Amino acid sequence: MAPKRQSPLPPQKKKPRPPPALGPEETSASAGLPKKGEKEQQEAIEHIDEVQNEIDRLNEQASEEILKVEQKYNKLRQPFFQKRSELIAKIPNFWVTTFVNHPQVSALLGEEDEEALHYLTRVEVTEFEDIKSGYRIDFYFDENPYFENKVLSKEFHLNESGDPSSKSTEIKWKSGKDLTKRSSQTQNKASRKRQHEEPESFFTWFTDHSDAGADELGEVIKDDIWPNPLQYYLVPDMDDEEGEGEEDDDDDEEEEGLEDIDEEGDEDEGEEDEDDDEGEEGEEDEGEDD
C-alpha cells in the first residue's frame, strides 16, 4: 500500500496548556518551601516553555521543507500519472472495480451508484501549485442515463479566513434519475452476498460541504487510491474466494468418501480371503478322513 502523504491543509497550532492547578495538600506543602525553591521552579517552567517554542518552530520549519519537496516531486510525477491514465483507459470498468474493492469506498456505494460508476472512465487528482492551499478531484464520465455532466469535480481549499472549505460541480440529473433523492430501500445482491439497507448515495458527497477539513472520502481517494489504484483493482473478488473454498471442501469430502469406499472394499476382500481359507481347510480335513 502506498504511504500516505501529509495533508496539504495545515494543522491547527496547539496552544500550550497551563500547568495543572495544585491540590490542597500540594498547595500547603509548597507553601512551606523556601522562596528560593519556588523561584527555581518558576524559572525552570519558563525555560521549558522557551525550549518548547524552539521545538515548535523547528517542527513548522520541517513542515515547510516537506511541502517544498512534495511540490517538487508532484511535478516530476505528472508525466507518469498521465501515462498511467492512458493505460487505464484501455481497461473497461477499471475505476468502478477499484472503488468496489476498496473497503471504505464500497461501504458508501449503493446498487444504483455502482451502475452509474460503470460510466466512469477517468479519475484525476490535482494538487494546487501551493500545496497548502488544497487539491481537486475530477471524475470523467461517458454519456450515461443518469446525468448530463461529462466531468464532476470537487475541490478542497482554504477560504479567505484560512479555514478548510470545499466546492463542487452541480450535478445536472436527468429526469427521475437523481440518485441523491431516492428513497431508502433494501438491497439483496447475490453476487456479493449482502443484504442491508441502501447507504446514502455516493453522489451526495458532491453536495456535502459541512466539514471540508475532515472529508474522509476525499482524503481516501487522494492519499490511498490515487497513488496506486492498481492494488485495489487487482484485489480478488471475495465471492470467488468463497466459491473456491466451497469447491475445495467438496473435493475433500469426495476424497474422504472414496477413501471410505476403498477401506470397505479392502475389508470385504479380507473377509472373502478368510472364507476361502476356511473352505480349503475343510476340504483338507475331509480328505484326511477318507
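Cβ coordinates come from backbone N, Cα and C, glycine included.
Under the heading compositional bias 'Acidic residues', Swiss-Prot lists 237-290.
Taken from Swiss-Prot, the feature ubiquitin cross-link applies to Lys154. The Cβ neighbour count for Lys154 (ubiquitin cross-link), using a 10 Å radius over every protein chain in view, is 23.
If you look up Swiss-Prot, you'll see Ala2 marked as N,N,N-trimethylalanine.
Residues annotated as phosphoserine in Swiss-Prot, with a large-scale study or a structure entry given as evidence: Ser7 (among others).
The phosphoserine annotation in Swiss-Prot covers Ser28 (among others) and is backed by a large-scale study or a structure entry.
Around Ser63 (phosphoserine), a 10 Å sphere centred on its CB holds 14 further CB atoms from the protein chains shown. For the recorded site, Ser63 (phosphoserine), the DSSP three-state label reads helix. Under the heading phosphoserine, Swiss-Prot lists Ser63 (among others), citing a large-scale study or a structure entry as support.
According to Swiss-Prot, the N6-acetyllysine annotation covers Lys68 (among others), on the basis of similarity to another entry. All protein chains included, Lys68 (N6-acetyllysine) registers 10 other Cβ atoms within 10 Å of its own Cβ.
Around Tyr146 (phosphotyrosine), taking its Cβ as the centre, 20 other Cβ atoms fall within 10 Å, counting all chains. Among the features that Swiss-Prot reports, phosphotyrosine is placed at Tyr146, with the record citing similarity to another entry.
Residues or ranges marked as N6-acetyllysine by Swiss-Prot on the basis of a large-scale study or a structure entry: Lys150 (among others). Counting only same-chain residues at least 6 apart in sequence, those with a Cβ under 8 Å from the Cβ of Lys150 (N6-acetyllysine) are Tyr140, Phe141. Under DSSP, Lys150 (N6-acetyllysine) is assigned to coil, being neither helix nor strand in the three-state scheme.
The N6-acetyllysine feature in Swiss-Prot is assigned to Lys172 (among others). Note on Lys172 (N6-acetyllysine): other Cβ atoms within 10 Å of its Cβ, all shown chains, come to 11.
Swiss-Prot lists 1-45 (among others) with the feature region 'Disordered'.
Under the heading region 'Dimerization', Swiss-Prot lists 31-78. Residue counts for the region 'Dimerization' (31-78) under DSSP, helix first, then strand, then coil, are 45 helix, 0 strand, 3 coil.
Annotation source Swiss-Prot lists region 'Earmuff domain' at 79-225. Confidence over the region 'Earmuff domain' (79-225), given as mean pLDDT on the 0 to 100 scale, stands at 86.
The region 'Disordered' annotation in Swiss-Prot covers 158-207 (among others).
The region 'Disordered' feature in Swiss-Prot is assigned to 236-290 (among others).
Cα-Cα distance from Lys68 (N6-acetyllysine) to Tyr146 (phosphotyrosine): 41 Å (rounded to the nearest whole number). Note on proximity: among Ser63, Lys154, Lys172, the recorded positions of the record, the Cα nearest Tyr146 (phosphotyrosine) is that of Lys172. A straight line from the CA of Lys172 (N6-acetyllysine) to the CA of Ser63 (phosphoserine) spans 40 Å. Ser63 (phosphoserine) sits 26 Å from Lys154 (ubiquitin cross-link), taking the Cα positions as reference.
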